[in-house]
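Report on the structure given below.
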Amino acid sequence: MDRLTVRELSPEENKVLVRVDFNVPIKDGKILDDIRIRSAMPTINYLLQKRAAVILMSHLGRPKGTGFEEKYSLQPVVEVLEGYLGHHVPLAPDCIGEVARQAVAQLSPGRVLLLENLRFHRGEEHPEEDPTFAAELSSYGDFYVNDAFGTSHRKHASVYHVPQAFPGRSAAGLLMEKELEFLGQHLLHSPKRPFTAILGGAKVSSKIGVIEALLSQVNNLLLAGGMGFTFLKALGKSVGNSLVEESGIELARRVLKLAEQRNVRIVLPIDVKVAKACEPGVSWSETLIDQGIPADLEGLDIGTKTIQEFCKIIDASATVFWNGPVGVYEVPPFDQGSMAIANCLARHSSATTVVGGGDAAAVVALAGCTSQVSHVSTGGGASLEFLENGFLPGTEVLSPAQD
């Protein structure tokens, strides 16, 4: 690590402002998966053992940024947090203003305070419009710790601007350190070979940077999901009514040419599950890509032959990175391809298997294989940006490590 870590701080009896990522899925006021809260506990517990007063700040969802919205309140997080800590955690009704300042002032060493959703204020996502937002957050702590790997690819106030107010006193949390070291060592600097990356999801354009970066790293690149259909169309295949990013077709051709130059094998679906609509109980069938998808049908998942081919390549790999589902996993049976990949990764215990957060992490959790994968990242977009650039905006602004 070339940045200061939380273990190098002296937080005793001081207030520590900690950016966590508690952006958890919530339904009817209940948290569906608390992995992000669980993942932050080592840093929180470490600071409490050091007798620090811990001020947690996070966003949740995408509120309008015009004030409190009940459905985006961090209130459901409090109960889970209290369960892990074993003591009461107050939730400040706001993250700035007099109520927040009072809550911070009353916080004792060895206790935790959670500030309300940062994104209730426009200044979080648009710091240039309201510089006072970052300035007020900065005033709460003696030290700053970033443990929100999943948000550190964004130049938001709490991630990018606040730490700059703590020269020599801003550090990476334990989760952040673990993410950067694992991804850096096993994917960027010295991956065991053969190295295979599997990319799903909808758009080529949003992943073009990481695709081009991976082409200088991997031996095999498996492409599926909506992105796969864009590549298939670029090769002149008939993809029917499947999701295609028309503006990405030229990008796909560029990638195919670059892969050839770099001797990287790109593998696309050879068959797909097709249906007239993506809805539960719909009639579906499997179609070979070479036979073409009929105009009134859309591809919604990879087919049996593609599953077999993808799993064969995974089994022969020493390092595997997966980001993005290969089908519409929320609607069975179009979850079969993604589930098969999750199970294949779990079985392949001799390889280093890395799941790049987001929907792929959700699939692995649904398949019950999270513990059998080498590393499930807490950041989808962040893991991709780290692979693309080798750094994240939110880590670059932390204090340099001391020699």
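The backbone N, Cα and C atoms fix where each Cβ goes, glycine too.
What Swiss-Prot lists as substrate binding site is Asp21, Phe22, Asn23, Arg36, His59, Leu60, Gly61, Arg62, Arg119, Arg154, and the listing cites sequence analysis. Sequence-distant contacts (6 or more apart, same chain, Cβ under 8 Å) of Asp21 (substrate binding site) comprise Arg36, Ala40, Ser58, Asp147, Ala148, Phe149, Gly150, Thr151, Thr378, Gly379.
Counting only residues at least six positions away in the same chain, the Cβ atoms of Phe229, Val239, Gly240, Ser242, Leu243, Pro269, Val272, Lys273, Val274, Thr287, Ile293 sit under 8 Å from the Cβ of Gly299 (ATP binding site). What Swiss-Prot records for Lys207, Gly299, Glu330, Gly357, Gly358, Asp359, Ala360 is ATP binding site.
Annotation for Gly357 (ATP binding site): spatial neighbours Gly150, Asn323, Val376, Ser377, Thr378, Gly379, Gly380, Gly381, Ala382, Ser383, criterion Cβ-Cβ under 8 Å with sequence separation of six or more.
Spacing of Glu330 (ATP binding site) relative to Asn23 (substrate binding site) is 19 Å (Cα to Cα, whole number). Comment: ATP site residues Lys207, Gly299, Glu330, Gly357, Gly358, Asp359, Ala360; largest CA to CA distance 24 Å, whole number. For His59 (substrate binding site), applying a Cβ distance below 8 Å and a minimum sequence separation of six or more within one chain yields Asn23, Asn117, Leu118, Arg119, Glu124, Thr151, His156, Ser158.
Mapped onto three states, the DSSP output places Gly358 (ATP binding site) in helix.
Gly299 (ATP binding site) carries a strand DSSP state (E or B). Spanning the listed substrate site, residues Asp21, Phe22, Asn23, Arg36, His59, Leu60, Gly61, Arg62, Arg119, Arg154 have a farthest Cα to Cα distance of 18 Å.
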